[in-house]
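What TrEMBL says about this protein:
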- 1-386: domain 'Major facilitator superfamily (MFS) profile' (DOMAIN)
- 60-80: transmembrane segment (TRANSMEM)
- 85-106: transmembrane segment (TRANSMEM)
- 112-130: transmembrane segment (TRANSMEM)
- 142-164: transmembrane segment (TRANSMEM)
- 170-189: transmembrane segment (TRANSMEM)
- 256-275: transmembrane segment (TRANSMEM)
- 295-316: transmembrane segment (TRANSMEM)
- 323-344: transmembrane segment (TRANSMEM)
- 364-385: transmembrane segment (TRANSMEM)
Amino acid sequence: MPVGPQHPSFKRSSLDTFHGCCQQQETGALPWDTDTKRWRPELNWDLVCDNAWKVHIAKFSLLVGLIFGYLITGCIADWVGRRPVLLFSIIFILIFGLTVALSVNVTMFSTLRFFEGFCLAGIILTLYALRIELCPPGKRFMITMVASFVAMAGQFLMPGLAALCRDWQVLQALIICPFLLMLLYWSIFPESLRWLMATQQFESAKRLILHFTQKNRMNPEGDIKGVIPELEKELSRRPKKVCIVKVVGTRNLWKNIVVLCVNSLTGYGIHHCFARSMMGHEVKVPLLENFYADYYTTASIALVSCLAMCVVVRFLGRRGGLLLFMILTALASLLQLGLLNLIGKYSQHPDSGMSDSVKDKFSIAFSIVGMFASHAVGSLSVFFCA
């Protein structure tokens, strides 16, 4: 994940030294941290006192870029194909990602982070679509889970890289450079055959099928009998463009997509609510006051959730798994709201024997269950939409 004001040292110092920074600015102190012997960005870019709000804009810019990127690159991928969008996104994320490390002020940083998030969304979306469309139906969930585990491996490595690099500019350049290897995807991933057939590009589809048969050492006349002749009959038809707006014309498909989109939005949204409840200031747990413990706790819950998804889907299926995790999410949310209020009400009585620590422990337990289940709800809903 791209860095900057989200770097651990940046996040802590921007909150803990707010008033101290104001005093140092008034006295003309330099943006130098005597403890770490490093330049502090929030002082170097004047992100304290009246300008502290710019820190939140810098953090939010990547998310806004991701939102616009998913919407726009998804439509472009349906219009021109998956591979061109993937190549475009990789090239420009290298440009914008490396330029972020050279930012001279917070305005430049936030703007570049927006475009970085835009390109990152294009990469995530096109790779997800290619995995789904190139795999047989029975292998799609397994491939999706493998990709999720690879992404989580990078998530677990991220704090270690941050601790080694110390300087966020170096870390930014370090995590962007591996995108150079993704340029090889142009030769690894073919264009989606399903997209070619859906857009009536039968000539390109025929060439791709023959390429697959040669690579797999298959006999085109025996193994895919009847496919090539049918394609040759349709070669005279002109290609057509596909747009997501056409889905509205279907009877049930667009309704199911809307329901699943709301499910994924609710799942990921309430996941962050549970995370804030567990890591917030209202729950005083010494272990969770450390940034790295906070980070690894959240990542570990997501990892366990993915492992549980693999087991549940194997025995209950995708729909049964989605229903089970939705029920767990709802129960965790209701218990968090109702039972904790009841415990808090009784803890005020001196004869009840309950204390605030009991409420905090229940809050942590329900938050962990909620994060576990809501992550699965979001992931399975997105998978159903694809």
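Placed from the backbone N, Cα and C atoms, the Cβ positions cover glycine too.
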Among the ranges 60-80, 256-275, 295-316, 364-385, the one whose Cβ pairs under 8 Å to the transmembrane segment (142-164) are most numerous: 295-316
Beyond the flanks of the transmembrane segment (85-106) by 6 or more, those residues with Cβ under 8 Å of it: 2, 4, 45, 47, 54-55, 57-58, 73, 76-77, 112-113, 115-116, 119-123, 125-127, 130, 169-170, 172-173, 175-176, 179-180, 182-183, 185-186, 189
